[in-house]
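Just below is one structure, and these are the notes that go with it.
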Amino acid sequence: MAEEVGETRGGEGKEKTETMAVENKLKERKISWAKLRRVDSLNLEAGRVSKTQHNNQVNWKKTLSLTFQSIGVVYGDIGTSPLYVYESTFPDKIGSKEDILGVLSLIIYTLVLLPMLKYVFIVLRANDNGDGGTFALYSLLSRYVKVSLIPNDQPEDTQLSNYKLEIPSNQLKRSEKIKEKMENSKNIKILLFLVTILGTSMVIGDGVLTPCISVLSAVSGIGSLGQDAVVGISIAILIVLFCAQRLGTDKVGFSFAPIILLWFSFIGGIGLYNLFKYDVSVLRAFNPKYMFDYFKRNGKQGWISLGGVVLAVTGTEAMFADLGHFNVQAIQISFSGIVFPALLCAYAGQAAYLTKFPDDVSKTFYKSIPDPLYWPTFVVAVAAAIIASQAMISGAFAIISQSLSLGCFPRVKVIHTSAKYEGQVYIPEVNYILMIACIMVCLGFKTTEKIGNAYGIAVVAVMVITTCMVTIIMLVVWRTKMIWIAFFFFGFICIEAVYLSSVLYKFKDGGFLPLAFSFFLMIIMGIWHYIHKERYMYELKNKVSREFIRELAANPNINRVPGIGLLYSELVQGVPPIFPHFIANIPSIHSVLVFVSIKSLPMSKVALEERFLFRQVEPREYRMFRCVVRYGYNDAVEEPQEFERQLVEGLKEFIRHEHFISEGGDAETVGEPENPQSSTLLAKDGKARASAVYIEESLQQPNPSRVSSGSIHSNSGIKSTKSSNGIISAPLQGSAAEEMQIVQNAMEKGVVYLLGEAEVVAEPKSSLFKKFVVNHAYNFLRRNSREGGKVLAIPRARLLRVGMTYEI
């Protein structure tokens, strides 16, 4: 027994020694709280980001599953191109057999250079934490270079776990000079923004042109009924397609993939059949000599025909835009192993058929199908066309949703149709506008040849924009060697410039349509973003002074009412100018008041545990806080009850930590969790809280097992315990517990949302153009867009509005 007591005392002495060692390290590593709280920082919590290693590696089974799904989502558009490429390339007739070989050679090397080399092996790597598309490129660039037109950057944002991309090379003076030039030039920022919204507008325009050309081409298989009947049937299919959008595409990957895979099997198999039956010698087209000979023979007409050849790569941008649903390896495997071989066989087979029947060029695809397979192929072709249309329509919805998050599009209703597939959204207003536009295009153009003229411009324009933006990313983000940047830029821009010049030649024959549509969208997006920026600048210049808050705290006429008030503003720093208007109209304040700013970051997603930032608004006893809620452009806004729960849990954790800092004296540091995978605090329901405690310093503990089960005594006599997830925290002092209980009681009394309705007008001294843009164009868009409360998912029964006029 004595031995046991001795061992126990010895253990206690050893534990005490270890505890003192821990305390000494805390003292050695202490951080001055006064120095840490920068003017531009919200709180210490902003600097505590998850140390979780984001594992982007996916096992081969998951990759194969994603590969299969990607076939149905990504390749419908490029897969249906064989329906109309030869018809668009030879609108009149085929001059000679050598011309067929020349066009086939052009198609082969266009497929090799643009989709395969450029996109599959280069552009896909320029993703924004797994997301692709023009906005993703802009967002990626915005995180490395301050090119955003809205000055709401915070140091805390750069510390998010998804914010930074690992740079593959050493820093170079060249990239720093380019970065400095871009950050200091307002014109470059505006140009980059305009190029971005031009690219997104073109992709949205594809949501109109793809359904038209794909469905018309597929239905043309029953051309014996006459062109008017084909147009009528196509319009009926399109109406059904758009009306079905509200049902969602939850099973899009697995349900569409078998059909598109069957389609590629059909076109590849039929192509091989025609190749061996009619003329296997067309494989000579792999020799680029036939491509150059084609231009020598045909001159200007050969150049014009490139507008049809480029349709072979329609849908290439979808590989990049839809990357967020899959991964790079899945796209690379599916394109290289299935799509590319099937397309080569299809085009080679059609070329072999045309060498024997050149007069059938206007119906190449259907004429080349063996009779027993005609109707099965027709059915699968219509299904593939619908799927291709579906993918582009869904892509248009996703892009507009991203635009909304970045303040570049009027507020519209966004419905998330899938809990499983992120980014699957439905926008009713946009859906019916696209449907009407599709019907008008079908009625106006009637043939795939004219629609192809319009389609080509949209396809090539987006490719040119992608080339330019990836080049900038190579310079600034990747810091690639100049020789490789030169090869990439000049190699692809020359090819795309030739194609662009060809499709622009057909401007009057339908090419004006995507440009007009994109210009219209750019005006809407530009006006909305401009006012969004100016509103933010107005609030920043007119934010409430600290003296006003102090006077308010001392004002006996201001009543405190039970509950939590959430006052929404776009400001990430300071108290918004709408607050005095609330006080003037309603001379009372809730027992807990939180100034909430919804901030969209230039990244696809923000982890839930990194979403909330808090800071106390002095005086402390007044219980006023600021909160920045950060979302990525693919994040969905939570339901009110869940949002309130997350915010209150985060606020209580902030209060706990504030008291730990203020009461801890020298021990102003907390330790690193032993397991970085579990750095979030857990609520009672076992779910990660929205606002987690993150660690600033690593603490090497002499005996983790003993420390985790025991206590650490600081010099002040305060006992701090170490939780199961490795976080050393102080026990709640009376004031902290009381304040947290006040917050909890206030939540139980109810949460009220306070929303300022700003009427934006131009200053009297503004130009006539600015007055028209602000007073008429913007206000027309605002009146016809969705209310801010609905966009933020604020329950109407608990919403209080106060109006104010902003002169910008």
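Cβ atoms here come from the backbone N, Cα and C positions, even for glycine.
Per Swiss-Prot, the features are:
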REGION    699-722  region 'Disordered'
TOPO_DOM  1-65  topological domain 'Cytoplasmic'
TOPO_DOM  87-102  topological domain 'Extracellular'
TOPO_DOM  124-189  topological domain 'Cytoplasmic'
TOPO_DOM  211-221  topological domain 'Extracellular'
TOPO_DOM  243-251  topological domain 'Cytoplasmic'
TOPO_DOM  273-302  topological domain 'Extracellular'
TOPO_DOM  324-327  topological domain 'Cytoplasmic'
TOPO_DOM  349-379  topological domain 'Extracellular'
TOPO_DOM  401-424  topological domain 'Cytoplasmic'
TOPO_DOM  446-456  topological domain 'Extracellular'
TOPO_DOM  478-482  topological domain 'Cytoplasmic'
TOPO_DOM  504-510  topological domain 'Extracellular'
TOPO_DOM  532-808  topological domain 'Cytoplasmic'
TRANSMEM  66-86  transmembrane segment
TRANSMEM  103-123  transmembrane segment
TRANSMEM  190-210  transmembrane segment
TRANSMEM  222-242  transmembrane segment
TRANSMEM  252-272  transmembrane segment
TRANSMEM  303-323  transmembrane segment
TRANSMEM  328-348  transmembrane segment
TRANSMEM  380-400  transmembrane segment
TRANSMEM  425-445  transmembrane segment
TRANSMEM  457-477  transmembrane segment
TRANSMEM  483-503  transmembrane segment
TRANSMEM  511-531  transmembrane segment
Subject >> Same-chain residues near the transmembrane segment (222-242), Cβ under 8 Å, at least 6 residues beyond its ends >> reply: 211-212, 215-216, 363, 366, 378, 382, 386, 389-390, 393, 431-432, 434-435, 438-439, 442-443, 446-447
Subject >> Proximity verdict for the transmembrane segment (303-323) and the transmembrane segment (380-400), three or more C-beta pairs under 8 Å >> reply: yes
Original post:
What are the DSSP helix/strand/coil residue counts across the topological domain 'Cytoplasmic' (324-327)?
Top reply: 2 helix, 0 strand, 2 coil
Original post:
So what's near the transmembrane segment (457-477) in sequence-distant terms, Cβ-Cβ under 8 Å and 6+ beyond its ends?
Top reply: 114, 118, 122-123, 126, 134, 137-138, 140-141, 144-145, 165, 167, 174-175, 178-179, 182, 195-196, 198-199, 202-203, 205-206, 209, 310-311, 313-314, 316-317, 320, 484-485, 488-489, 492-493, 496-497, 499-500, 503-504, 507, 511, 514-515, 518
**OP:** Flag the pair the transmembrane segment (380-400) / the transmembrane segment (103-123) as in contact if three or more Cβ pairs fall under 8 Å (sequence separation 6 or more).
**Re:** no
Original post:
Sequence gap of 6 or more, Cβ distance under 8 Å, 3 or more pairs: do the transmembrane segment (252-272) and the transmembrane segment (66-86) meet that?
Top reply: yes
Original post:
Which listed range (66-86, 103-123, 190-210, 328-348, 483-503) shows the maximal number of Cβ pairs under 8 Å with respect to the transmembrane segment (425-445)?
Top reply: 190-210
Subject >> the transmembrane segment (511-531) versus listed stretches 66-86, 103-123, 190-210, 328-348, 483-503: most Cβ pairs under 8 Å >> reply: 190-210
Original post:
the transmembrane segment (66-86): which same-chain residues, six or more beyond its ends, come within Cβ distance under 8 Å?
Top reply: 58, 103, 107, 115, 206, 210, 213-214, 217-218, 220, 252-261, 263-264, 267, 308-309, 311-316, 318-319, 322, 325-327, 329-331, 333-335, 338-339, 342-343, 346-347, 350-351, 354, 361, 364-365, 381, 384-385, 387-392, 448, 452
Subject >> Integer average pLDDT (0 to 100) for the topological domain 'Extracellular' (446-456) >> reply: 85
Subject >> Cβ contacts under 8 Å made by the topological domain 'Extracellular' (446-456) with residues that lie 6+ beyond its boundaries >> reply: 83-84, 87-88, 91, 206, 209-210, 212-213, 216-217, 220, 227, 231, 307-308, 310-311, 314, 499, 502-503, 506, 509-514
Original post:
What does DSSP give as the helix, strand and coil breakdown of the topological domain 'Extracellular' (446-456)?
Top reply: 9 helix, 0 strand, 2 coil
